[in-house]
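Novice: A single structure is presented below for examination.
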Amino acid sequence: MPFALGQRWISDTESELGLGTVVQVEGRMVTVLFPATGENRMFSRNEAPLTRVIYNPGDTVESHEGWSLSVEELTEKDDLVVYHGIHSETGEKVSLRETLLNHNIRFNKPQDRLFAGQIDRLDRFGIRYQCQLLRHQLATSDLLGLQGPRVGLIPHQMWIAHEVGRRYAPRVLLADEVGLGKTIEAGLIIHQQLLTCRAERVLIIVPDTLRHQWLVEMLRRFNLRFSVFDEDRCVEAFADHDNPFYTEQLVICSLELLRKKKRLDQALDADWDLLVVDEAHHLEWTEEAPSRAYQVVEALSEVVPGVLLLTATPDQLGHESHFARLRLLDPDRFYDYDAFLAEENSYKDVAIAAEALAGESKLSDYAINSLTELLSEKDIAPSIRLIQAEGIDSELQQAARSELLQELLDRHGTGRVLYRNSRASVKGFPKRIFNAYPHAMPEQYLTAARVNDMMGGRKSLEAKAAQALSPEKLYQEFEDNSASWWKFDPRVDWLIEFLKSHRSKKVLIIASGADTALSLEEALRTREGIQATVFHEGMSIIERDKAGAYFAQEEGGAQALICSEIGSEGRNFQFASHLVLFDLPLNPDLLEQRIGRLDRIGQKNDIQIHLPYLQDTAQERLLQWYHQGLNAFELTCPGGHILFSEFAEELLNVLVGGDEDELTNLLNHTQSRYKELKHAMEQGRDKLLEINSHGGDKAKAIVERLAQSDQDTKLIGSVIRLWDIIGVDQEDKGENSIILRPSEHMMFPTYPGLHEDGVTVTFDRDTALSRDDIALITQEHPLVQTGLDLITGSDTGTTSVAILKNKALPAGTLFLELIYMADASAPKSSQLYRYLPPTPIRILLDKNGNDLSAKVDYTSFDKQLSAVNRHIGSKLVTASQPILHPLFAKGEEYAQVAVNELVAQAREKMTSQLTGELERLESLKAVNPNIREEELEYLRNQMQELTTYLDASQLQLDAIRMVLVSHV
């Protein structure tokens, strides 16, 4: 390379250094000073990664004094270029030596980089274009936020997430029956809200025992990095901010922390966008005396726009508490309990009409009259005639049914506020098989019971029943706490033999208390050396997680996990299918929670429930009440709480000392009431809720589309190529997985999310679901999003020169391929990308300025091209400059026309969608008070803002590829 002192060069590898000046040429070395940063670089003269900067007539250059020059002519003196042209401020003709050019010039624009000789590799141009297409594809998907999470594609979960996640500030109660995946539904909604920037700050409130589990679930399933806050963390965070909650965007904490006034005040002041409350059935409320827990959540719900309440049992603490939870979501709507009860009674007619529409038979006169009355503001006669007609296309009839059903759901009930799926409406659950094992009552327990009776003392019926149900605890009271009751209890003997005969099976054992759980572990370990681990309230969260992980290990793990009652709240072990109930809880909801640890959607085997019990005791009588009265072992019993509250006194009397006649009467009354309640619960709003909550055919369609996306081989190829070009090491691990590691030759110094020790990933959802240590890669995964951002946020691939070997065209024929981006600057929370996402516009010009892009598609054109090295490419660009400048102007004209069309389409789409949604909600608000004014106001404001942003849309040249025809 010919170097001379004072010449201006730019570094091909460190363009951020700005414009360099040659300060020394000695022997085979050249030294360049980069004044903008004050750094020197020494290069070999023959292999220097440098490009000479020479501007051309028509360019504008800036002097080191700040004024600009419009270049008209170039001359050369002493190997230095002198620019002649018009001074930007005075209008006079002036000259400027290249030595006096502004040092801070950086060639970020593709044209500048092209003419400065900064030519990228051919494959980098291709990957940049592919990255822009992927970003556009993701932004325009109406399933954004549902593809990325590592969860099974279960229709009702995807439907709820799709419906709720795209709302502004959703306020809903997720109340699916136990085992249907409320945590996953909440995670999907959170993920969607964050990905679309409808929310940025999220607070999750959970019981102490579930904080770490939520932390792990959010990270492992949804790639969301929450922080757990306790008192110690708040004190520690005070060093960074007066309000510790401002130090993180995504926070998990317990209700216990927020019971403290100081912490609650700080949480109230922390500008959350979304509040999530798990186990919301613990929020007890009466009008006269709301619980402290309820008051905490109520205060937060008044200042946080979005609220998700999770509860498996809306009526667990009574119907009044269920009303109170709805009141948290919308106090204007649910203002009076009596009015709420009266409204619920009216749901029966709605449910009958909805069920008729959901079926396939002709509508009865009663159903038609009900529909006409319920939808009185709408003329439904044409739809009714279509449904009732003979010989009509069944698809048309089904469409009419669906339309009326949607109108019904929109206008009546709590469908927008409450989502509740029952097992009756969701398929995919295993059978529950109940096995009972009777044993004689040990003499030691009988003696302890007699002594207890002789001592007398005042005790409540419930306390007496608890003693009768757990004779080992009573025995310990009279002996001592270390009494080895497990040495003679026949249930323990049975348990040991059962585990020995099922050595290859994982077995979950649940007992009511921690002491019992610890004693059982000691018995299994000391008597037979059986590997078991315990899980109880006396353990730290980390200890519990370790116990759960030890139990989950297939090789070398514990055969049995012994839990106290807390083990049946929030923890899931569906990889096991054997459940041993060492005793029975008095509350049927707790029994269902115990069984629900294994009986969950996704369980692949039938659940074997084993109950060893002592004959002729309270244990046997409670077993009979659960099994014969409620059928609670083999089926879920959603009305269990109601039945327990109605028969509590009668049941307690039978448990403490009732005779056979009293037991028989209790069982008969319970069975009769159970049937009544079951029939009643099949009527009214539950059916209406289920129709709205599981999504039907629409939910199935969403899942089918997501499954098709999972099989998109083009995406897999694009992502693998992206990692190849960035320089990520990829090691095939087998089992549909690869290990990604950063390499020394990566294009970028860091790749956020890619750790030094690597990460194992898969594109196969089933593989990811079966292996907690393997990440599921979709276009929503942070590793993919980061890769796209690294490429599109840098100048990688913005310029390229290629050769087209085609003898049908004259040698030297030139083509100019331009990639423009149509974009508008707007906060992501505005949702502008739904209508005008960053859109790549491809223009392919011949030398006469004709756009050939419609005739020559990108892929087929790209396959015919060959790369050239940077130096040859730079020379070809320099030689072609007279042709290129007018082509750039022509390309911008074509692109501007395309942008104008995109903006017009975006404006039309936005106006149509938002006006339609606004009109729909305004008309619904007249008949369904569940429509909140905040949602309407949000839509009105959004239309105004989006119009402003669209008017300011811009066109930006993103990448250039110059192609020359060669016959060589």
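Numbering starts at 1 and runs along the chain as displayed.
Note that Cβ sites are derived from N, Cα and C of the backbone, with glycine treated the same way.
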Novice: Looking at 210-213, 278-281, 286-289, 566-569, which stretch does Swiss-Prot describe as motif 'DEAH box'?
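Specialist: That would be 278-281, the stretch labelled motif 'DEAH box' in Swiss-Prot.
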Novice: Validating a neighbour-count step here. Other CB atoms within 10 A of the CB of G181 (ATP binding site): how many?
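Specialist: Around G181 (ATP binding site), other Cβ atoms within 10 Å: 24.
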Novice: Validating a neighbour-count step here. Other CB atoms within 10 A of the CB of K182 (ATP binding site): how many?
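Specialist: Cβ-Cβ neighbours of K182 (ATP binding site) within 10 Å number 25.
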Novice: Tell me, by DSSP, whether G181 (ATP binding site) is helix, strand or coil?
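Specialist: Once the DSSP labels are grouped into three classes, G181 (ATP binding site) ends up as coil.
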Novice: Around T183 (ATP binding site), how many other C-beta atoms are within 10 angstroms of its C-beta?
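Specialist: Its Cβ shell of radius 10 Å holds 20 other Cβ atoms.
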Novice: Could you tell me how many residues in the motif 'DEAH box' (278-281) are helical, how many are strand and how many are coil under DSSP?
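Specialist: Tallied per class, the motif 'DEAH box' (278-281) gives 2 helix, 0 strand, 2 coil.
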Novice: Among all chains shown, work out which of the binding-site residues V178, L180 has the most CB atoms within 10 A of its CB.
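Specialist: Most Cβ neighbours within 10 Å: L180.
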Novice: Determine the Cβ neighbour count for E177 (ATP binding site): the number of other Cβ atoms within 10 Å of its Cβ.
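Specialist: Within a 10 Å radius of the Cβ of E177 (ATP binding site) lie 20 other Cβ atoms.
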Novice: Considering every residue in the domain 'Helicase C-terminal' (491-655), what is the mean pLDDT value?
Specialist: 89
